[in-house]
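Peer 1: Below is the structure I would like to discuss, written out as structure tokens.
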């Protein structure tokens with residue numbers, strides 16, 4: 001049995017990691033198969049080392065093309081070592097970010113072009129797309145203010161970019177959503193977290209195959 005691939009996307013501070021944790025606490029007992037939780041950049045030993053390079057605030061001279069290629073390199077390793085084997089084993093994979101983030105951050109935010117960054121990532125992933133993507137929708141300024149409150153002085157290199165960059169990234173996400181309307185589910189992330197989690201769980205119960213989830 002082939003597995004299923006779910007990704008979570010959104011601007012910085014949208015609450016993806018927290019929402020994913022809460023969603024799994026509710027839905028995991030109902031899954032008929034094993035599941036895997038992972039993240040990007042990272043998810044494997046090599047990819048996590050590349051993550052450290054990408055997000056280190058000391059690397060403030062990083063060229064946009066270098067950044068895009070490092071993300072793609074980390075993703076290639078992540079896909080081959082972790083994601084593809086899990087899907088082939090019939091597992092449900094839940095990933096905190098995937099290719100869509102590169103299209104928004106590097107394609108739109110860094111002005112490299114969404115089409116060009118997609119081409120790089122098609123090569124890196126053998127054109128692997130999630131079956132379902134949740135976009136946690138929040139205005140960039142609200143997301144960034146959340147980060148400053150929750151972990152002041154711990155912003156990574158991309159989180160430290162100015163609001164104009166993050167606004168471009170947000171616009172990039174909106175473009176990507178229009179490219180893949182059947183795959184994306186947009187959730188208002190300014191709601192209380194229990195409401196966000198409830199909506200995500202409802203969508204999962206409607207969309208996951210009956211071979212994977214009970215009571216859907």
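Even glycines carry a Cβ here, placed using N, Cα and C.
According to Swiss-Prot:
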BINDING   10, 11, 12, 13, 14, 15, 16, 17  ATP binding site
Peer 1: According to DSSP, does residue 16 (ATP binding site) sit in a helix, a strand, or coil?
Peer 2: helix
Peer 1: Given the ATP site residues 10, 11, 12, 13, 14, 15, 16, 17, which other residues of that chain have a Cβ within 8 Å of the mean position of their Cβ atoms, reported in sequence order?
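Peer 2: Neighbours found: 136, 138, 143, 146, 189.
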Peer 1: Within 10 Å of the Cβ of residue 16 (ATP binding site), how many other Cβ atoms can you find? Include all protein chains, please.
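Peer 2: Its Cβ has 22 other Cβ atoms within 10 Å.
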Peer 1: Report, as a single number, how many Cβ atoms besides its own are within 10 Å of the Cβ of residue 10 (ATP binding site).
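Peer 2: Excluding its own Cβ, the number within 10 Å is 25.
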